[in-house]
Amino acid sequence: MSLGYAEKLSFIEDVGQVGMTEFFDSAHVLQDKIEQLAKLVEKSRHLVVFTGAGISTSCGIPDFRGPKGIWTLQREGKPLPEASLPFHRAMPSMTHMALVGLEKAGILKFVISQNVDGLHLRSGIPREKLSELHGNSFMETCPSCGAEYLRDFEVETIGLKETSRRCSDEKCGAKLRDTVLDWEDALPPKEMNLAEKHCRMGDVVLCLGTSLQITPACNLPLKSLSGGGKIVIVNLQKTPKDKKATLVIHGFVDKVIAGVMELLNMQIPPYIRIDLFQIILTQSLSSDKKFVNWTIRIASVHGLSAPLSFIKSVEVSFSNNQNYKEAILDAQPFLLKRRTVRTETFEIFLNLKFSDGCGCLNTQIQIPFNFEDQESAEGFKLDKNATFEKMREAAIQDSSCGQNAVVERKTVLVPKSEVTVHAIVTNVKTFDYQLSNGDVKPRKEGMNGLVMTRKQRSKGRKRKTRL
């Protein structure tokens, strides 16, 4: 969870029980319970998973109520924990990716999350199979047309406030709002209704890493009981719903789910993160027509004023036959202006240095510069999903990141510009599960929220997610 998010919440005195004692089942008991859970999952017809802050602590995101939770430390007057990496670079845990594997296999039907870290969406859970009850720190929504925008940076506000961006639909253009709830905000009916529907349909509701304290969200798993459904709770602390559960497991969520996946003989998908950015090359002739005044800008695909959070700096150099001075752009906006002879052709080399949390240090982009050729340059737009899939396959095969591709190019006549959208693999993470020694280890590379809810959106709007 973002510490900034916790600080943005309105102050309330009573946040519920904190500093809760952690319990650990013995190795023998834990193994027996994992086997029971694996059988329940295997036989389930409509598995629903209900998640809380505990599934993201292994991602370096602090929880709220544990011994080192944010609210626990606040109540004790101690300094808040430091996140191990920037919030926007947090990667899904083994549990997040195991859920993706279960969903792709047709076993997991729906995910309900109280977290605002956006990791379920980033992991690959389809939006239509996910209810984010308390919002998403990386999502903006249009109150007019209902479009959703998933960002690669943390949205600056919470409490359903207007942000600085507008809907990109030409027919709309309304001001966007953040989606994260503050204490006084009501649970979003659309998310809540879907969650309740699937809980009623669920024959197994698996609660992972949640203390099940905050109402009304904590009562959702109980909806399954009337139809004969079973509740399973995996959490280090006791919860108020333990007596209603068929099975209560006190153990690390990653370890438990790793055991389940191994018993089901299922692979845990790797996590491959692909980020986008745009390069804008703008050109104009000097008054005597002998020179080209040009500007190159490396910017976010979410808008020129949006932060490009995963790039730290850009080194600009030129092909060997040119004597142009190199430049280092170490602050946003990443922008360079130059003047060159109109007839000259050369290569521009961009060395992009990535921020902390990325799996590779840098990548290089080569851009041909020819003013005359730009006159006839044609635009194109590739199938992003197909391109991304090829990049993922290459990243898995290479066991590394840095693969990049141009996914879109467009030309603008006034001012004369060429805009190219680049995609790059910035993280690759795979997992080993090892029950024999109790460890769950990521092989490569290496907050959430229990909040109240948000106001009702108008009915009948279609949910659209845009990058």
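Each Cβ is built from the backbone N, Cα and C atoms, and glycine gets one as well.
Some features that TrEMBL has for this protein:
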DOMAIN    27-267  domain 'Deacetylase sirtuin-type'
ACT_SITE  His134  active site, proton acceptor
BINDING   Cys142, Cys145, Cys167, Cys172  Zn(2+) binding site
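Highlighted in sequence order, Pro143, Ser144, Gly146, Ala147, Arg166, Ser168, Asp169, Gly173, Ala174, Leu176 have their Cβ within 8 Å of the centre of the Cβ atoms of Cys142, Cys145, Cys167, Cys172, the residues recorded for Zn(2+), and are not part of that set. In this view, Cys167 (Zn(2+) binding site) is surrounded by 21 other Cβ atoms within 10 Å of its Cβ, with every protein chain counted. Sequence-distant contacts (6 or more apart, same chain, Cβ under 8 Å) of Cys172 (Zn(2+) binding site) comprise Cys142, Ser144, Cys145, Ala147. Each of the recorded positions His134, Cys142, Cys145 was scored by how many other Cβ atoms lie within 10 Å of its Cβ, and the smallest score goes to Cys145. Cα of His134 (active site, proton acceptor) to Cα of Cys167 (Zn(2+) binding site): a span of 22 Å. Across the residues of the domain 'Deacetylase sirtuin-type' (27-267), the predicted structure has a mean pLDDT of 92.
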